[in-house]
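Worksheet: the structure to be examined is printed underneath.
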Amino acid sequence: MNPYVLMILLSSLGLGTTLTFASSHWLLAWMGLEINTLAITPLMAQHHHPRAVEATTKYFLTQATAAAMILFASTTNAWMTGEWSITDLSDPLANTMFMTALALKIGLAPMHFWMPEVLQGLDLLTGLILSTWQKLAPFALIIQTAQNIDPLLLTLLGVTSTLVGGWGGLNQTQLRKILAYSSIAHMGWMIIVIQYAPQLTLLALGTYIIMTSAAFLTLKMSLTTKVSTLATTWSKSPILTATTALVLLSLGGLPPLTGFMPKWLILQELTKQDLPIIATTMALAALISLYFYLRLCYAMTLTISPNTTNSTTPWRTQTTQASMPLALFTMATLGLLPMTPAILTLTT
């Protein structure tokens, strides 16, 4: 892609998200979401491949449907209450419609069906943008309106997403689909606590973005997209293989890695709110997710691929890929748990 076009598209992504962040009027927020969608569409279709075009088409149709629902919900709310302000979403029908539309936008279960298929058709860097940056603007709107939305709807979306994210990833052989189901499960953790402690949702979103960025960058560095090729990565780069395994365990929420922090705090908050059954369900759903992360780690570090020839290990050769972003995200993914008290002080 032409670098000038790429710069314009990335700037438009930033502009759309910033516009949604800064707006208090429904039409401006909707416009920001649409700029985001239109900016990422050419990035998704830049590789002239049938799968990429199919993924782009699915994504565009899904986002257009969600955008139409948001516009309809906001006009319904304005018709019933006379208010266009985002925080004055008081009509029950508009509330439900709006939350359903945003759930479709970020891929919450049961509106998640597009997410694994779209992510599978993209390259890893575009998939990274879709899994991280594209979640920011919808979450800004959800956080602003969470207190007006039916708590039962939020709880159902959260529990369903964590269960579907766990079950869906169990039998997958494609790493991008596994990361898509991982994203769905993490979205569920954020939504379940948003009505009780929005600052914990922001903390979970921040750690999710860091961990997912580290996962995508490590997989891109090792040139791996399938579980079957994970077994060959140790001969190419043993250190990168060990790092990838730790990043995946952090995504699964295993202590003492960073991913344990948001899950622990969210379970603590749910218990404080006298919701032990929901907290137990979420913890068990996290165990299901942890299984497929452990399966990936087993394939990477505890299996040896068939090798009949005595070949020299290529891991001493210099890599041509940029490793600074990978190093930063990996360090944050593995080592932020001891800083939990400081992070809580900053977020509360």
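Cβ atoms here come from the backbone N, Cα and C positions, even for glycine.
Residues or ranges marked as transmembrane segment by Swiss-Prot: 3-23, 60-80, 96-116, 149-169, 178-197, 202-219, 246-266, 274-294, 326-346.
Taking Cβ pairs closer than 8 Å, the transmembrane segment (202-219) reaches residues 124-125, 127-128, 131-132, 135-136, 139, 143, 175, 179, 182-183, 186, 189-190, 193, 225, 240, 243-244, 247-248, 250-251, 258-259, 261-262, 265-266, 325-326, 329-330, 332-333, 336, 343-344, 347 in its own chain, all 6 or more past its ends. Comparing 3-23, 96-116, 246-266, 274-294, 326-346 for CB pairs under 8 angstroms to the transmembrane segment (178-197), the maximum falls on 96-116. Long-range contacts of the transmembrane segment (3-23) within its own chain (CB-CB distance under 8 A, at least 6 residues past either end) are made by residues 29, 31-40, 42-43, 86, 129, 133, 136-137, 140-141. The transmembrane segment (246-266) makes contact with the transmembrane segment (274-294), as judged by at least three Cβ pairs under 8 Å among residues 6 or more apart in sequence.
Sequence-distant contacts of the transmembrane segment (274-294) (same chain, at least 6 residues past either end, Cβ-Cβ under 8 Å): 155, 158-159, 162-163, 165-167, 169-170, 172, 178, 181-182, 185, 188-189, 192, 248-249, 251-254, 263, 266-267.
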